[in-house]
Amino acid sequence: MVTPQLTEDMVISALRQVKYPGMSRDLVSFGMIKNARVEGATVHLDLQVPTEDAEVVAKVEASVREALSRVPGIGEIRIQNAPRPAPQESAPGPAPLPGVRRIVAVASGKGGVGKTTVSVNLALALAQSGAAVGLLDADIYGPNVPRMLGELGRPTAHEGKIVPLVRHGLRVISVGYLLGEQSPIIWRGPLVAQALKQLLHEVHWGELDYLIVDLPPGTGDTQLTLVQAVPLTGGVIVTTPSAVALMDAERGLRMFREARVPILGIVENMSYFICPHCQGETDIFSRGGGRQVSDSLGVPFLGEIPLNPTIREGGDTGAPVVVAMPESAEAQIFRNVADKVRLATEAAAEAMPQMIIR
Ligand SMILES: Nc1ncnc2c1ncn2[C@@H]1O[C@H](COP(=O)(O)OP(=O)(O)OP(=O)(O)O)[C@@H](O)[C@H]1O
Ligand SMILES: [Mg+2]
């Protein structure tokens, strides 16, 4: 059998199969493979892994070697760890936000499971308990926070920084407020990263007990940027009880684990349906999966939120259930979730000095 001639395309397509640890995106699309070239059977490439963590770099290099070793006709694999970009261009390491005590990211592997609903009601429940709370809408392509909190007008600037809007006592920022929710955003990865960094570092957050960050679905540029831009106190994973959503939740968990971000727990949303007529509970998507995933992965379970039209209406009308119907059972469920998040952040914050943050 004739071995095919090794080409750069073969190398690149093999590397497109290698995911960055914990992420669903591959090394090529993240731009971490530089100067790949082939000389006979030898492949040379520079690997630019955006972390100081030697363990992660070694892991990525091992996966690259493993993927390339399967390419037909490959001989020697020469990998250079590419110099990190010059300081003025390089992504700075995680920088705390002055005055912000705890930063909590709300994530999910899958879209539409209720991250924004949970973020908004969680932030409001924490604020109701007397904490100073900010909410950052990190969904640059599809910002939904403005809809859930109501249109608020445009943020202003003060001393070169953006002043967040205030709604129900929350300090809120979203590209939706800056550009309008409807503007189609077709930015590519690096611009998304830049926009998120601005929303983190160039906003007058003031003194905050919590900054809740509502992430877009999945594990891509925004997630990677966030874990590298600020020291997260922890991550909350939202899932629905369906099997597919749960698998995606596990992916989200792995992302935080790989980035050494403590997992504060899992929220199961749309867990069951309470019939408005007979008050009977129906488990539409087979309830309990969130708790099982929590148990099997050893992370806290933060609660089950029912599928309930009042929760959706609160989201659609800018009056989330926690503030619109504070006496309701649903508001109480969100307050219970908030209590658990508060306890989990306390534990995570205590462990923080020992944590290695990239
Ligand atoms: N428990 C619930 N009961 C009823 N409706 C809900 C519930 N949770 C979320 N919804 C509704 O489901 C839709 C999706 O929720 P949401 O926008 O919070 O999800 P998401 O995970 O943030 O979505 P995306 O991945 O697009 O950011 C919204 O219309 C919201 O009002
Ligand atoms: Mg959302």
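Glycine is no exception: its Cβ is also placed from the backbone N, Cα and C atoms.
Features of the protein shown, as given by TrEMBL:
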{"type": "BINDING", "residues": "Gly109, Lys110, Gly111, Gly112, Val113, Gly114, Lys115, Thr116", "note": "ATP binding site"}
{"type": "DOMAIN", "residues": "8-77", "note": "domain 'MIP18 family-like'"}
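The DSSP secondary structure for Gly109 (ATP binding site) is coil. In sequence order, Ser108, Pro217, Val238, Thr240, Ala245 are the same-chain residues whose CB sits within 8 A of the CB centroid of Gly109, Lys110, Gly111, Gly112, Val113, Gly114, Lys115, Thr116, the residues recorded for ATP being left out. Taking a Cβ distance under 6 Å to any atom of ligand 2 as the criterion, the binding-site residues Gly109, Lys110, Lys115, Thr116 reduce to Lys115, Thr116. Among the binding-site residues Gly109, Lys110, Gly112, the ones whose Cβ sits under 6 Å from an atom of ligand 1 are, in sequence order, Gly112. Counting every protein chain shown, 20 other Cβ atoms lie within 10 Å of the Cβ of Lys110 (ATP binding site). There are 24 other Cβ atoms within 10 Å of the Cβ belonging to Val113 (ATP binding site).
Every protein chain considered, the tally of other Cβ atoms within 10 Å of the Cβ of Gly111 (ATP binding site) stands at 13.
Comparing Cβ neighbour counts within 10 Å across the binding-site residues Gly109, Gly112, Gly114, the minimum falls on Gly112.
For Lys115 (ATP binding site), the same-chain residues lying six or more positions away in sequence with a CB closer than 8 A to its CB are Val106, Ala107, Ser108, Asp214, Leu215, Pro217, Val238.
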